[in-house]
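Reading through the structure tokens given below for one structure.
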Amino acid sequence: MGTNFWKLLAASATSNLADGIGRAALPLLAATLTRDPLAISGLYSLAFLPWLLCALPAGALVDRTDRRRAMVLANTVRGLLVAGLTVAVATGHATIPLLYVVAFALGIAETVYDSAANAFLPQVVRPDQLERGNSLLVTGEAVGQIFLGGPVGALLFTLAVALPFGANAAGFLACALVMVTVAGDFRPALASTSSIRADIVDGVRWLSRQPLLRGLTLLFGLTSACGSAANAVLVLYALDVLGLSPRGYGFLLLAGGVGGLLGGLVAPLTAARLGRLPTMVLGTVVSPALLAAMGFVRHPVAGAVLFGGSAASVMILNVLTMALRQALIPEELFGRVQGAWRTLVWGGIPVGGVAGGALAAATDVATVFAAAGIAGFVVGCAVVALLLRNRAQIAAAYLPKVAVDA
């Protein structure tokens with residue numbers, strides 16, 4: 001691992017901490033303005049809607065520009081947006097429509113930042129270091145977004161409503177400053193000279209011709225919709241089902257962060273011990289099963305344990321599937337193919353979020369968790385079948401390739 005990787009890790013950890021603080025505080029702020037499940041889930045869905053609308057052009061963009069510069073610009077924009085929200089909250093002008101606008105705009109910038117960051121990693125590590133690099137980045141994401149960001153965001157919210165948003169803005173800007181110090185030219189080796197529209201078509205066409213990745217994309221889009229149905233009303237699950245305070249909601253997020261942290265750390269070790277394929281199978285089916293169980297518990301400790309276990313399973317799967325994509329997708333196509341992947345996989349999140357809010361309004365929040373988990377388990381079984389049919393391709397993806405400078 002070279003110096004540039006460690007700078008990427010530091011920047012990513014800072015950005016994820018800022019993101020975690022904001023993601024904990026934003027639904028709490030919304031819950032002080034309304035208890036309508038549809039309104040709450042609408043905020044969650046709008047934050048992810050840009051992945052459905054903008055992931056493809058964002059991926060094409062990062063395949064024709066310096067990935068480091070794209071990351072700096074995206075986080076600078078995010079920092080300025082949240083700084084403006086901080087002023088609105090501090091002066092008593094925060095409204096649900098304003099939160100919707102900010103969440104959507106932040107989501108657009110996030111598509112650029114994440115697409116660039118995912119394409120950046122293979123430029124600074126060797127192919128045989130991808131799993132370790134992804135493990136460290138995903139672990140940093142869990143620590144920043146949930147392990148620290150969740151409880152810190154909730155705690156700051158109880159001290160002063162505007163405080164977490166100020167910290168959120170500062171974190172995004174600090175990440176941009178760290179990335180400025182990364183030395184080198186990080187444009188793709190074979191940067192595209194065609195139009196963005198043509199690049200998007202190339203990415204979609206390449207993905208559509210890969211049976212394994214195509215199938216995973218479609219199925220993970222469904223599992224994302226199932227998981228987001230529950231996550232969209234998580235704040236109401238904490239406050240109204242488990243009876244937690246805003247600070248308690250932060251500790252529920254902490255439980256998820258602990259699970260995610262452990263999952264990210266053990267993913268390479270588990271894959272080495274059990275094999276990549278069995279580990280991916282376990283990650284696929286365990287998470288929705290635990291999510292379904294959350295719909296049947298009312299004790300905060302039980303809910304936290306199940307939430308943490310589900311997060312661990314998701315994180316293990318995320319580490320291994322990201323490494324698989326990085327091993328299979330050509331470097332010069334990675335941004336646009338990843339954009340196509342994110343469009344379909346993360347595009348299911350806003351759809352599932354709205355569905356979860358509607359189901360909660362028609363029934364109750366606990367029912368959403370039970371239904372989402374059961375549906376996710378059914379889809380997960382289809383994912384397992386796809387993985388088993390393509391076990392030879394998965395094994396071949398990690399055969400030695402020409403190394404890049406770390």
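The backbone N, Cα and C atoms fix where each Cβ goes, glycine too.
Range annotated as transmembrane segment by TrEMBL, chosen from 97-118, 141-162, 163-184, 251-272: 251-272. Which of 13-31, 279-297 counts as transmembrane segment depends on TrEMBL, and there it is 279-297. With a cut-off of 8 Å on Cβ pairs spaced 6 or more residues apart, the transmembrane segment (303-324) and the transmembrane segment (40-60) reach fewer than 3 such pairs and are scored as not touching. Fewer than three CB pairs closer than 8 A are found between the transmembrane segment (344-362) and the transmembrane segment (251-272), and contact between the two stretches is not assigned (pairs 6 or more residues apart). Along the domain 'Major facilitator superfamily (MFS) profile' (1-393), the predicted structure has mean pLDDT 89.
Only residues 6 or more beyond the boundaries of the transmembrane segment (279-297), in the same chain, are considered here, and those with a CB under 8 A from a CB of the stretch are 223, 226-227, 230, 237, 263, 267, 270-271, 303, 306-307, 309-311, 313-314, 316-317, 320-321, 366-377, 379-381, 383-384, 387-388.
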